[in-house]
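Written out below as structure tokens is the structure these notes cover.
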Amino acid sequence: MKTHNDILAALAALPLFLTGAAFAAEPGMLDTLRNNIVQTWEQPQHYDLYLPAITWHARFAYSQEKIDSYNERPWGAGFGQSRWDEKGNWHGLYLMAFKDSFNKWEPIGGYGWEATWRPLEGSDFHWGAGYTVGVTMRDNWRYIPIPVILPMASVGYGPLTLQMTYIPGTYDNGNVYFAWLRLQF
């Protein structure tokens, strides 16, 4: 019988299987992902408030008419839980909903990981780079669950962090910068 932790880990790892990345992964990589997800779920150190900040469509990839029609102020909110590991890296589980490019609600949930650096000794300033693995749903895709694996970067001070990702794409599709504030408490 599956526990809810196994189900949670399977849902978060679903995008890896659907994109074929799981088949290229070295042995143990998915176990590490699963263990990190379960540990973050069972042993959170913090709870997080997510506030979407900006959606920016790459100007080289869209006509001005399209850009003018898109929403680039994705108001919404989210909640999550997170922890810092023994290396100082960040792990988080999150659910967020925001207004997408078409001003329709887009929920997203998943797991994020960032290697984190503190370049100024004794300072609360930090920056990071990593990835997020999750599932989103969009109005223009009839709210069918869509797996995502995206790069992530951040810069922060103390409990406030600006996290961001870039959704790659083609002309008139994708090529979107998305950023949100994460307040850790």
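Along the chain as shown, residues are numbered 1 onward.
Even glycines carry a Cβ here, placed using N, Cα and C.
Here is what Swiss-Prot records for this protein:
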type	residues	note
SIGNAL	1-24	signal peptide
ACT_SITE	His57	active site
SITE	Lys66	site 'Role in lipopolysaccharide recognition'
ACT_SITE	Asp100	active site
ACT_SITE	Ser101	active site
SITE	Tyr171	site 'Role in the phospholipid gating'
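Structure with Swiss-Prot features highlighted.
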residue	record	Cβ contacts under 8 Å, 6 or more apart
His57	active site	Lys66, Ile67, Tyr70, Glu72, Ser101, Asn175, Val176
Asp100	active site	Thr55, Asn71, Pro74, Glu106, Arg138, Asp139
Tyr171	site 'Role in the phospholipid gating'	Ala61, Tyr62
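His57 (active site) falls within a strand when secondary structure is assigned with DSSP. Taking all protein chains in view, 20 other C-beta atoms sit within 10 angstroms of the C-beta of Ser101 (active site). With a 10 A radius on its CB, Lys66 (site 'Role in lipopolysaccharide recognition') counts 13 other CB atoms from all the protein chains.
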